[in-house]
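Novice: The structure is given below, and queries will be raised subsequently.
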Amino acid sequence: MRELEERILKDGRVLPGEVLKVDGFLNHQVDPDLMFNMGTEFAHLFRDAGVTKILTVESSGIAPAVMTGLALHVPVVFARKHKSVTLIDDLYTAEVYSYTKKTSNHISIAKKFLSADDKVLLIDDFLANGQAVQGLFEICDQAKADVAGVGIVIEKVFQTGHQLVHDRGVRLESLAQITSFDDDRVHFASEQTD
Ligand code: 5GP
């Protein structure tokens, strides 16, 4: 998505460890117009997938997920993060290792918000090594819900998450695909096709 790539080039900053800082429009301050356009794009991409529910992880997945839900007219559920989970009777839970924070969290969703009747679209801000998406897959498996697809705002295609989604046989759509960082320059897959 050209608008997103231009915004990454304008406002993104490359940090050590191949982390892209985009707190000016996605991870801290949020640009609602850009989010709206991204939600519209995800909805367009998955409009024939029979999606009944959108799942994401708090907090940075929520804005793009809600905009997609708005466009598809389906509910959005965000998994909550906890250091540990003790009372889990009413929850689906999974353990997720965070790429940027280098710590593990449990994520959970109340059982009443996900069922075997659901066809789920997973939305997240970044795809790096795929741990967050893997956690959401596990939660869908526990609920016996079908995963219709994965929509990612920014994918770092040189990390392993892409393969993980591919191995599961689920459709993956990313609005910006970063192929590499060299020094502080960001390169996109679209540069190779332009
Ligand atoms: P994964 O679980 O795919 O390894 O990483 C996904 C999660 O880590 C995302 O939800 C995001 O919060 C965070 N993350 C991974 N890579 C980056 C990055 O380059 N920049 C930022 N801002 N967050 C990232």
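Note: Cβ is positioned from N, Cα and C throughout, glycine not excepted.
Sharing the features that TrEMBL gives for it:
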type	residues	note
BINDING	L20, N27, K156	xanthine binding site
BINDING	A128, N129, G130, Q131, A132	5-phospho-alpha-D-ribose 1-diphosphate binding site
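Walk me through the surroundings of each of these features.
Specialist: Contacts of N27 (xanthine binding site) defined by a Cβ separation under 8 A and a same-chain sequence distance of 6+ are given as K21, S60, D125, in order along the sequence.
The Cβ of A128 (5-phospho-alpha-D-ribose 1-diphosphate binding site) lies under 8 Å from the Cβ of Y99, K156, Q159, G161, each of these being in the same chain and 6 or more residues away along the sequence.
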Novice: Find, for the listed binding-site residues N129, Q131, the residue with the lowest Cβ contact count at a 10 Å cut-off, counting only other Cβ atoms.
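Specialist: Ranked by other Cβ atoms within 10 Å, the binding-site residues N129, Q131 bottom out at N129.
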Novice: Out of L20, A132, which of the binding-site residues has the smallest number of neighbouring Cβ atoms within 10 Å?
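Specialist: If we count Cβ atoms within 10 Å for the binding-site residues L20, A132, the smallest count is at L20.
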Novice: What whole-number Å value do you get for the CA-CA distance of Q131 (5-phospho-alpha-D-ribose 1-diphosphate binding site) and L20 (xanthine binding site)?
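Specialist: So the alpha carbons of Q131 (5-phospho-alpha-D-ribose 1-diphosphate binding site) and L20 (xanthine binding site) sit roughly 17 Å from each other.
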Novice: Using DSSP and collapsing to three states, where does N129 (5-phospho-alpha-D-ribose 1-diphosphate binding site) fall: helix, strand or coil?
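Specialist: In the DSSP reduction, N129 (5-phospho-alpha-D-ribose 1-diphosphate binding site) maps to coil.
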Novice: So if I draw a 10 Å sphere around the Cβ of K156 (xanthine binding site), how many other Cβ atoms end up inside it?
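Specialist: Result for K156 (xanthine binding site): 25 other Cβ atoms within 10 Å.
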Novice: Using C-alpha atoms only, work out the spacing between N129 (5-phospho-alpha-D-ribose 1-diphosphate binding site) and L20 (xanthine binding site) and round it to an integer in Å.
Specialist: 14
